[in-house]
Amino acid sequence: MKKLVLVSLLGAVLAGCGGGGGSDDKSDNNNNHRPNAAQGTIERVSGNVITVNGHQYDVASVGYSHVDLSTAQLEPGMLVALTSSPARAVGKHVQLEPTVTGLINITDAATGKFTVNGVELTYADLSPEIQDGDWVMVSSLPTATAGYHVLSVVKFEQPELLGMFEVEGTVTNLTNSTFTLGAALTVDYAGIAVEGGELRNGLWVEVEGEYDSTNNKITATEVEVETYDDIDNDTEIEGLLTWVSSDKSAFELNYRGRFNVTGQTRFEDGNKNHLVQGAMVEVTTGVNNVALEVEFDNDDNNTGDWSDNDIELVGTATIISEDNLSFSVQGKTVFVNRFTEFDDGLRFDTLGTQRVEVEAYKVNGQLIASEIELAD
């Protein structure tokens, strides 16, 4: 058994492009409002200035978990969260937020295939300086097939990091004692009190525990559900639309939370009709998770495997299971979680024998209900 401490990723999961030099006490070249906080990928590093989501920020401090790092270790493509620095009045604290960290096992250098903590990954631009056994940070986006679209792989050599490992992903195949992360990594959470809310299929989680490489299984010591429920106002989050309501009035970002679209929502480089699964966006948050602004990242929009992931089912709800919050419609099992929206006065406990219309999406072969309403 290898000791595996799996740390937190926000949300995850973000990509960007462009950038330029600047400082935290000046407006960027586009004269756009610069959010007070941001979550996204580093687009450019220039001295102590980084570009995230098209805005430039002075860096006051850098950290990963409890380890202090330096600005010199920042690289484009790394996932980060920027907040006000507790130590300095000027500049931001940059918290590294990778998806996977640990010792790398390169399985095919020619195609960039490798594993970290049993998770199979591919990155065509894998540096030849990275060798088997190196400790790396992997930043990635979620995919419609429960995998990871890798954005960067960065090697670190600090001794303090070598005992720290991270894997996050979407929960599927949930039982009372185990669940699956990603496509095939089993997590045993028996006896663990889950933090951040009730554990359900379709939710994004972080786990701490021990990794058994022989059985590709994690024995968890901590499990936490990751959401945007408590996100601060005026935070700009970059990521993928993992669900969009049929009337475009709401969307889910990075499997971590829902944002509402109102008449006051502003759109850049697109409009409301461009809200589709798999689209890359930058969302500026307001009160009660209202999307104040949605900017489409057209350079990185590739809906690809998301195009067939919007599923609609109509029929009578049967085989209601209170234990795993699931029901059957049209012979298919559908799961609900904290983000499922019930309309027309429906509740999970009133679904039995009701004729319903279900909007759902698929994660690792399982259907997750986004919205449930009475059928016409």
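From the backbone N, Cα and C atoms, a Cβ is placed for every residue, glycine too.
Summarising the annotation, TrEMBL assigns domain 'DUF5666' to 168-224 (among others). Looking just at the domain 'DUF5666' (168-224), the mean pLDDT is 91.
Secondary structure of the domain 'DUF5666' (238-284) per DSSP (helix as H, G, I; strand as E, B; remaining residues coil): 3 helix, 23 strand, 21 coil. Summarising the annotation, TrEMBL assigns domain 'DUF5666' to 238-284 (among others).
Residues or ranges marked as domain 'DUF5666' in TrEMBL: 323-373 (among others).
Here TrEMBL flags 20-41 as region 'Disordered'.
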